[in-house]
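A short worksheet on the structure shown next.
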Amino acid sequence: MCPADQTVATNNNDHLVQSEDPEHPANLIPELCRKFYNWGWVTGTGGGTSIRQGDHIFIAPSGVQKELMQPHNIFVLQWPTPKYPASERNYIRKPLKLNPSACTPLFLTAFEQGAGCCIHTHSQWAVLVTLLVEREKGPDACFEISNIEQIKGIPRGKGKGMLGFFDTLKIPIIENTAFEEDLTSGLEAAMNKYPDAYAVLVRRHGIYVWGDNTAKAKTQCESLDYIFQLAVEMHKLGLPWVK
């Protein structure tokens with residue numbers, strides 16, 4: 001190791017990702033990524049997860065097999081931090097030989113809205129519903145479904161409680177881009193148009209889901225994936241999504 005590399009290694013704030021607490025973000029993110037991999041949400045290194053804890057943001061790296069991720073692979077940003085340009089983001093801990101997640105500006109967008117955790121998956125069911133909505137309702141329509149019990153697992157909006165059985169769940173859909181970072185403006189626009197939404201679908205790509213904390217983001221992501229799978233099966237049977 002050359003002197004410059006020794007300096008980086010010595011001053012890399014590794015203590016930020018070292019904890020015996022299973023609820024520590026550096027331990028939670030690899031554990032969540034393993035679960036998501038087993039559920040088929042983050043195959044082929046796709047997807048990502050980020051958690052905000054106080055003035056620190058913990059982010060899964062780019063290009064690491066999600067089922068093999070370890071705490072020492074996690075990036076840490078000082079919060080708040082500039083979203084753009086990428087070179088101005090205040091990383092206070094960088095794993096050697098790994099690249100920051102391409103999802104970073106999208107995660108930061110969720111944190112700007114007060115989220116405590118943001119999850120990005122490549123769920124097949126999420127992709128399929130974006131295609132069905134485009135074919136049936138056009139490219140500008142959002143995903144809508146009502147009268148499904150699992151809708152109760154999705155917030156009505158910040159401080160507004162949860163949706164009810166008779167409510168209509170609406171999830172905006174944005175178009176995919178060639179590069180992940182370029183989705184940011186679309187995500188921001190969708191958040192502005194649907195301020196009560198806790199998720200945004202990306203056509204032919206996947207979904208971003210955020211929550212007030214890690215548990216809420218995870219359970220909301222689970223509920224949505226269940227709903228999307230149900231919606232695909234309902235469509236096969238000719239059943240309407242909204243009564």
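Even glycines carry a Cβ here, placed using N, Cα and C.
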Further Zn(2+) ligand in Swiss-Prot, beside His120, His122, within candidate set His24, His56, His205: His205
Rounded distance in angstrom between the Cα atoms of Glu149 (active site, proton donor/acceptor) and His120 (Zn(2+) binding site): 24
Among Cys103, Glu149, which are recorded positions, the residue with the most C-beta atoms within 10 angstroms of its C-beta: Cys103
